[in-house]
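Peer 1: This is the feature table in Swiss-Prot:
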{"type": "ACT_SITE", "residues": "E103", "note": "active site, proton acceptor"}
{"type": "BINDING", "residues": "T28, G29, S30, T31, D81, G82, A83, D84, K94, G95, G96, G97, K121", "note": "substrate binding site"}
Amino acid sequence: MTQDELKKAVGWAALKYVRLGTIVGVGTGSTAAHFIDALASVRHQIDGAVSSSEASSAKLQSLGIPLFDLNEVDSLDIYVDGADEINGSMQMIKGGGAALTREKIIAAVARKFICIADSSKLVDVLGTFPLPVEVIPMARAWVARELVRLGGAPVYRQGVVTDNGNIILDVHNLAIMDAVALEEQINNIPGVVTVGLFARRGADVALIGSEQGVKIIG
């Protein structure tokens, strides 16, 4: 199976976690896009969706899935999204698609976080994938210096502006042994909006696609 076929398999496998008559939290990226395709097959049986990015919102609307603003919703039953890396403790690096802040907010609201990923994203130690940090533009140089002090090598993601109007620094050369502590350290740097470490609020269930099928963790 190709990587895209593995992503499609886990996207459709996540459909069994969707309860009819609920509003579903939807993530961003190529794997989440397959879940949106699957969600369209039950669009008349759910109330709608809350999206973590403008791109996912556009896809949801194009498929006729009602879209809600998060401020209109008291709670979400589930949030389904991909990951750039996930470890055995269900901690993740996310933000390759630059939607990390909205993803983290929706994950916090949802009762259950379903991570969908192909097997290449499952790692023992987080950090091979550069860690995205969303930063207020005026603080870019300051935050970069602070990230160097933490042992990282930050690189400005040229030409990318988040849906919130901010920039992304991708931090290389990190072997993340204590993800919870590092998440807190980086989030405490003035000028950081949020870091793409999902450790304090990790996934509850991971659906991992491989040649052998979809493996359920959690």
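Our numbering is plain: 1 for the first residue shown, then up by one each step along the chain.
Quick reminder: no glycine exception, Cβ is built from N, Cα and C everywhere.
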Peer 1: Just to be sure I understand the packing, how many Cβ atoms besides its own are within 10 Å of the Cβ of D81 (substrate binding site)?
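Peer 2: For D81 (substrate binding site), the count of other Cβ atoms within 10 Å is 30.
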Peer 1: Do any residues at least six apart in sequence from G96 (substrate binding site), in the same chain, have a Cβ closer than 8 Å to its Cβ, and if so which, in order?
Peer 2: G29, D84, F129, P132
Peer 1: Whole-number answer please: how many Å between the C-alpha atoms of K121 (substrate binding site) and E103 (active site, proton acceptor)?
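Peer 2: K121 (substrate binding site) and E103 (active site, proton acceptor) have their Cα atoms 18 Å apart.
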Peer 1: Out of T28, S30, A83, which of these binding-site residues is nearest E103 (active site, proton acceptor) by C-alpha distance?
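Peer 2: That would be T28, nearest by Cα distance.
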Peer 1: Greatest CA-CA distance (Å) over the residues T28, G29, S30, T31, D81, G82, A83, D84, K94, G95, G96, G97, K121 that the record ties to substrate?
Peer 2: 16
Peer 1: Compute the mean position of the Cβ atoms of T28, G29, S30, T31, D81, G82, A83, D84, K94, G95, G96, G97, K121, which form the recorded substrate site, and then list in sequence order the other residues of that chain whose Cβ is within 8 Å of it.
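Peer 2: Everything else in range on the chain: G27, A32, A117.
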Peer 1: Cβ distance under 8 Å to A83 (substrate binding site), same chain, sequence separation 6 or more: which residues?
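Peer 2: Result: M92, I93, K94, C115, A117, K121, F198, A203.
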Peer 1: Which has the fewest other Cβ atoms within 10 Å: T28, S30, the binding-site residues listed?
Peer 2: S30
Peer 1: For the binding-site residues K94, K121, which Cβ has the most other Cβ atoms within 10 Å, all shown protein chains included?
Peer 2: K94
